[in-house]
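Record features (TrEMBL):
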- Arg100, Glu148: substrate binding site (BINDING)
- Glu148, Asp174: Mg(2+) binding site (BINDING)
- 1-10: compositional bias 'Low complexity' (COMPBIAS)
- 46-247: domain 'HpcH/HpaI aldolase/citrate lyase' (DOMAIN)
- 1-34: region 'Disordered' (REGION)
Amino acid sequence: MSGPFDGGPLDPDPFEEYPAGPDPFDDSPSGLSPFTPAPFTLGPALLFCPADRPERYAKAVDRADAVILDLEDAVAPAARADARRALIEHPLDPMRTIVRINPADTADFALDLAALERTEYRDVMLAKTVSFGQVEMLDDFRVIALCETAAGVISAPEIAAARNVVALMWGAEDLVASLGGSSSRFPDGRYRDVARQARSQVLLAARAHDKAAIDTVHLDITDTAGLSDEAADAVASGFTATACIHPSQVEVIRSAYQPTTAEVDYALGLLEAAASARGVFQHEGRMIDGPVLRHAEAVLRRAAG
């Protein structure tokens, strides 16, 4: 995934003398720390912010439900040292902050981890995750695995099974680039079939392992209607949150995830009727069974925030 950000040249990276990596003496069965992280509850609107723009940090976290400080695509390679420095020098609430780090097979990965060790941030988004083994190198963190390549999407079920993975997210543009394609969407704005399949596969992998699923960004900032439709579909399909790249997109996403008064009233009435019913029953002309009741419960959870 890429965003409309750029940066400038910077000094050499000050963290290169502090390598980071997995503990070679870890003898736990999976290679991961034995703790089980708490479920992912951030959202529904997760706003990306370039990590080399600290003057935007406070505004981003104030406007969104959580901020993703981006050390990868939003930052030019020459500016990443400055981005890591800003990450340390301008702390945000770690309970509402995710840090997107560079792919595990890049030199920036170890430098990003070294910088993170000097912060309180423990929620990381691993760009271009392709395997369970890459997640093993992040055993001190809660990981949002970004499956945005062909290899990552195919490996999504294996990645979702990792103990320290709390969520999966998919990315459309990097996925199509990894396939040798040129665009994830048709001219009318609809996703191409391969992007829709990847979105579904990542969602299914996440939910099969009881992990959160995050829908990808809508790059056309002016297309409010398109974003609203995609966010509404994300809610109906089972996504936990949606990422975005501009503060103006936050309220559109929140509105899509917030049930209407009519939806809440229907869910309450349905569950009240279910309390005195036996097995399958009829409510307002519709046959009701277990899955429909779970849908109603999900509506009330979203309404409660």
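From the backbone N, Cα and C atoms, a Cβ is placed for every residue, glycine too.
Long-range neighbours of Arg100 (substrate binding site) (same chain, six or more residues apart, CB within less than 8 Å of its CB): Phe48, Ile68, Leu69, Asp70, Leu71, Glu72, Val124, Met125, Leu126, Ala127, Leu146.
Calculated from their C-alpha atoms, the gap between Asp174 (Mg(2+) binding site) and Glu148 (substrate binding site) amounts to 6 Å. Arg100 (substrate binding site) falls within a strand when secondary structure is assigned with DSSP. The most densely surrounded of the binding-site residues Glu148, Asp174, judged by C-beta neighbours within 10 angstroms, is Glu148.
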